[in-house]
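Here Swiss-Prot flags CYS14, CYS17, HIS18, MET58 as heme c binding site.
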Amino acid sequence: ADLANGAKVFSGNCAACHMGGGNVVMANKTLKKEALEQFGMYSEDAIIYQVQHGKNAMPAFAGRLTDEQIQDVAAYVLDQAAKGWAG
């Protein structure tokens, strides 16, 4: 996966709601490692599925982003979660 591309995709498509790994709509459903683990989302496959299909207030990005962009952003989210979203 291309983490630099994932960062670019995140910035352009995800950061409005998930800046710094947070969640402006549902405060407990963050992209922080603990929350991802708690909700069974701490894997690339789980994140890819969520990005593709959306859930609740989160829109589906399948058809808006390529499979490669979605894979890259999932890898970026996991990488950032492991680093505590410290940059």
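Cβ coordinates come from backbone N, Cα and C, glycine included.
Everything Swiss-Prot records as a feature, shown here on the structure.
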residue : record              : Cβ neighbours (10 Å)
CYS14   : heme c binding site : 19
CYS17   : heme c binding site : 15
HIS18   : heme c binding site : 20
MET58   : heme c binding site : 17
Worksheet item: Over the residue list CYS14, CYS17, HIS18, MET58, recorded for heme c, what is the maximum interresidue Cα distance in Å?
Response: 11
Fill in: Check: same-chain CB within 8 A of heme c site center, minus CYS14, CYS17, HIS18, MET58
ASN13, ALA15, ALA16, ASN23, VAL25, LEU31
Discussion item. Through the lens of DSSP with three states only, how would you label CYS14 (heme c binding site)?
Written reply: coil
Practice prompt. Could you check what DSSP calls MET58 (heme c binding site) once collapsed to helix, strand or coil?
Written response: strand
